[in-house]
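Undergrad: Let me give you the structure first, and then I'll get to my questions.
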Ligand SMILES: Nc1nc2c(ncn2[C@@H]2O[C@H](COP(=O)(O)OP(=O)(O)OP(=O)(O)O)[C@@H](O)[C@H]2O)c(=O)[nH]1
Ligand SMILES: [Zn+2]
């Protein structure tokens, strides 16, 4: 379906407001507030993404202002908009394979910088080595974000995550390869194939379309965006001020504790974070991880400044 020469939709698109629930490259599916769906043709680089709130008038799509934007960085450093109007981002990890050091922290910072509330999913809790891993992650993050230990394979722990989404959240998952994101999506929405089937029934065309991105409604409530290839995305680079502002654990330190408002919590005089870490009131290992990420972020910032000067 959706060859460039095909009609924008197989029926007259109804007029009204709704949300883009799937993106097929040359057409988007709009889900109207009353539940009806239609396909509307768009230009290849129209800038529309799943999650966009739109008004449809005839074949014209008017995009309404976005509350949030989720971006990713590709292998060449290009930045792409992935989805709009999400409110939560699930960071998926597993005891095997484990994500690289600092991954969870950077994902939390990137989510918060994009105004998304991060939560942590620890998959594969059926594995024997899961318990100490879950305990370590809880100790580091439970004070900062919701933590969901579960097993996509056995289904244990899925109910708590379903209940979280059922509060009305719209989110996506990120995580490194092999942690079980696809398994988790399938466990949460077994009807994924069914939705694809419904859409194609509507369009009356075959199943051989590349769907770039889909918004799935979960059975108990809430929505999940599935964007092939996105889940392993390179997080958009975080800046040093974003890191200092959003690093998990720092939210427990009252704002204004450091002498300088833009304190990077490294060597500034009157830095409350460094003082708390040195006296054990802030976990020393968490502070050490922060400094390692800050080092890496500052190297990238220096490289970008150098490139900017050269350019
Ligand atoms: N033991 C166990 N294995 C799981 C679980 N969930 C997924 N796996 C296995 O982990 C492997 C990776 O699962 P995927 O769902 O493909 O992981 P992914 O994160 O989508 O991987 P990519 O597509 O590479 O990004 C597969 O062999 C799954 O069978 C789980 O809850 N427990
Ligand atoms: Zn400080």
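Easy rule for this one: first residue shown is 1, then count along the chain.
Each Cβ is built from the backbone N, Cα and C atoms, and glycine gets one as well.
All TrEMBL annotations are machine predictions without curation.
Look at TrEMBL and you will find 123, 124, 125, 126, 175, 176, 177, 178, 179, 180, 181, 182, 183 tagged as GTP binding site. If you look up TrEMBL, you'll see 258, 263, 265, 271 marked as Zn(2+) binding site. The domain 'CP-type G' annotation in TrEMBL covers 67-233. For 84-231, the entry in TrEMBL reads domain 'EngC GTPase'.
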Undergrad: Could you check what DSSP calls residue 183 (GTP binding site) once collapsed to helix, strand or coil?
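TA: DSSP assigns residue 183 (GTP binding site) to helix.
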Undergrad: Between 123, 177, 183, which of the binding-site residues has its C-beta surrounded by the fewest other C-beta atoms within 10 Å?
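TA: 177, out of the binding-site residues 123, 177, 183, has the fewest neighbouring Cβ atoms within 10 Å.
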Undergrad: Cα distance, residue 265 (Zn(2+) binding site) to residue 175 (GTP binding site), nearest Å?
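TA: Pair distance, Cα basis, whole Å: 28 Å.
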Undergrad: So among the binding-site residues 125, 179, 258, 263, who's got the most Cβ atoms within 10 Å?
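TA: By the 10 Å Cβ neighbour count, 179 comes out on top.
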Undergrad: May I ask which residues of the same chain, at least 6 positions away in sequence, place their Cβ under 8 angstroms from the Cβ of residue 265 (Zn(2+) binding site)?
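TA: Spatial neighbours, sequence-distant, of residue 265 (Zn(2+) binding site): 244, 250, 258, 271, 273, 274, 287, 290, 294.
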Undergrad: Quick one: of the binding-site residues 123, 125, 258, flag those whose CB is under 6 Å from ligand 1, and say none if nothing qualifies.
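TA: Within range of ligand 1: 123.
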Undergrad: Express the predicted model's confidence over the domain 'CP-type G' (67-233) as a mean pLDDT, rounded to an integer.
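TA: On average, pLDDT over the domain 'CP-type G' (67-233) sits at 86.
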Undergrad: Among all the protein chains here, how many other CB atoms are within 10 A of the CB of residue 271 (Zn(2+) binding site)?
TA: 19
Undergrad: Which binding-site residues out of 123, 125, 177 lie by ligand 2, going by a Cβ under 6 Å?
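TA: Listed by sequence, the hits amount to none.
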Undergrad: Can you list the residues of the same chain, besides 258, 263, 265, 271, whose Cβ falls within 8 Å of the Zn(2+) site's Cβ centroid?
TA: 244, 257, 259, 260, 264, 266, 268, 270, 272, 273, 274
Undergrad: Let me check the 10 A CB neighbour count of residue 181 (GTP binding site). How many other CB atoms are there?
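TA: Taking all protein chains shown, residue 181 (GTP binding site) has 24 Cβ neighbours within 10 Å.
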Undergrad: Between residue 177 (GTP binding site) and residue 263 (Zn(2+) binding site), how far is it from one CA atom to the other, in Å?
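TA: Just about 35 Å between their Cα atoms.
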Undergrad: For residue 179 (GTP binding site) and residue 263 (Zn(2+) binding site), determine the Cα separation and express it in whole Å.
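TA: Cα-Cα, rounded: 35 Å.
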